[in-house]
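The annotation S-adenosyl-L-methionine binding site is assigned in Swiss-Prot to 36, 37, 38, 53, 79, 98, 105.
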């Protein structure tokens, strides 16, 4: 896949941009540049935008499209590494991270993310690290069970892991067939493909997605100016739960010095929840882009 092939439908575009309040002089980091849709809208509102992405194809495509704007610059990196990747800019006025897999990554068979087309069982968002096939081959069965349970919430993790270790699939459709064999037909879910949770778990393990999210959430206080906002778009319960809990902790955390015998700050944190509940895609957006159905946007603001 080349940069010219990278076309992506941006999720919760208006909602995310409006809540980040871009304006002249404000600096916002788009930690998951992808197709550049969010960054383009932020630029249109006058902000200076630094787009970060670990996928070199996505970075090249978005930079080719947006690079003529002097208020844009693209940088290679993982959003977990923003304190390093954007060290010269910090603190900033806003940070946006969209945790979804982009449409080109899902739709291009060679990337190996989807069982809808046959391709190598890869699943890497960047060029480095082991592929999903290599992960299956080198991970013992017990650890594979943990991955399927923790990252995919897969109820049939044990039989699936056992069959994956027997078959050692190297192609996407081959892996999907292994899952089909491992799960009793009467237990197949109605609304999703029987291999969906397994593919999600493998992808998250290959790319260290939950670990990257943990690193981002821990870094937020140091990334933002007072008045700055962080916006995170999550697509499944594991991620959204982490974001929700982290933002609530920031907003309600006691800020008293450690030596005080009692709390005198009333538990008021250094942050405020901008979104009391997660913002979901509108019916119109879901109709136009079904992948937005599971998107949840949460925003927090630094108070001091």
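Glycine is treated like the rest: Cβ placed from N, Cα and C.
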Among 36, 37 [binding-site residues], residue with fewest other Cβ within 10 Å: 37
Nonlocal residues around residue 79 (S-adenosyl-L-methionine binding site), in sequence order (Cβ under 8 Å, 6 or more apart): 31, 32, 52, 97, 212, 216
Three-state secondary structure, residue 98 (S-adenosyl-L-methionine binding site) (per DSSP): strand
For residue 105 (S-adenosyl-L-methionine binding site), nearby residues of its own chain (Cβ under 8 Å, 6 or more apart in sequence): 55, 111, 113, 125
Those residues of the chain, 6+ apart, with a Cβ under 8 Å from that of residue 38 (S-adenosyl-L-methionine binding site): 10, 13, 16, 17, 30, 96, 98
S-adenosyl-L-methionine site span - longest C-alpha distance across 36, 37, 38, 53, 79, 98, 105, in Å: 17
